[in-house]
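In what follows, a structure is listed as structure tokens, so that the remarks can point back to it.
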Amino acid sequence: MSTGIETAGVPDAVIPELVIISGMSGAGRSTAAKCLEDLGWFVVDNLPPALIPTMVELGARSQGNVARIAVVVDVRGRRFFDNLRESLADLESKNVTRRIVFLESSDEALVRRFESVRRPHPLQGDGRIVDGIDAERELLRELRGDADLVIDTSSLNVHELRAKMDAQFAGDEEPELRATVMSFGFKYGLPVDADLVVDMRFLPNPHWVPELRPFTGLNEEVSAYVFNQPGAKEFLDRYAELLRLIAAGYRREGKRYVTIAVGCTGGKHRSVATSEKLAARLAAEGVETVVVHRDMGRE
């Protein structure tokens, strides 16, 4: 069946899935969008509703590179709402499948959230926060009625909302975890984005071995020296097992990214060799892993 989306001259055109995220300000639209992004969706924030059909057409022309599109729609005025209705009707006439996810919360929860960040509601004008909430709720009433999925976030924290989104959109796949393993030198300071820190200074320093000093932990002889030290292999085995446990917990909590910082004195020998070994272990467990040697070559 033809979809009506213009894909002339594009072989194997695939019409992307489309999810439209909308709802009350402060109800968790950004969190829902970030969850879909982490699940591999192409997310566009605050796209004018009139451009949604164009976005779908561009996705269809990507030859499968953009197979799932999520658009966050912030309806702040009647004209935007009318444009959204027109775009949805246009997509429906072209047989494009779309889902609307609507995020809502109680007045009390929304007031509490706006007060906690000390920001006004975008529609309150010179009135109170609750006035803005009332205006937005009335403006979105019809869209809420058209929603395929309504999520009330009044009593949900960020992790619980992510779990609900995962349940709807992750399918049977376990959420992926992406790890950055970063070697560093303590004398240059801790990485500010580290979630976990490993200190390899309990092992002898190859710096004091003249024939190894010029090389880095990427060198096979340096790596062999490090992991032939007493306790080195046992540490690697035990820490890899600990990471397996931590990774499972991160997935349950909806955490998608983790940075493991592995340090030694200068970030040249022990930390580099260990980072490479840990990254290989993580990759073997199915964790998408990137290795960064922050301070190598800095001395």
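Even glycines carry a Cβ here, placed using N, Cα and C.
These features come from Swiss-Prot:
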- Gly23, Met24, Ser25, Gly26, Ala27, Gly28, Arg29, Ser30: ATP binding site (BINDING)
- Asp74, Val75, Arg76, Gly77: GTP binding site (BINDING)
Binding-site residues (Ser25, Ser30), the one with most neighbouring Cβ atoms at 10 Å: Ser25
Rounded inter-Cα distance in Å - Gly26 (ATP binding site), Asp74 (GTP binding site): 11
Under 8 Å by Cβ from Ala27 (ATP binding site), same chain, sequence gap 6 or more: Leu103, Glu104, Ser105, Leu110, Thr153
Gly28 (ATP binding site) to Asp74 (GTP binding site) - Cα separation in whole Å: 12
Neighbourhood of Asp74 (GTP binding site), C-beta criterion under 8 angstroms, separation at least six: Ser22, Ser25, Arg29, Asn46, Phe80
C-beta crowding around Arg29 (ATP binding site), within 10 angstroms: 22
Tertiary neighbours of Met24 (ATP binding site) (same chain, Cβ under 8 Å, six or more apart): Leu103, Glu104, Ser105, Leu110, Ile133, Glu136, Arg137, Leu140
C-beta crowding around Gly23 (ATP binding site), within 10 angstroms: 28
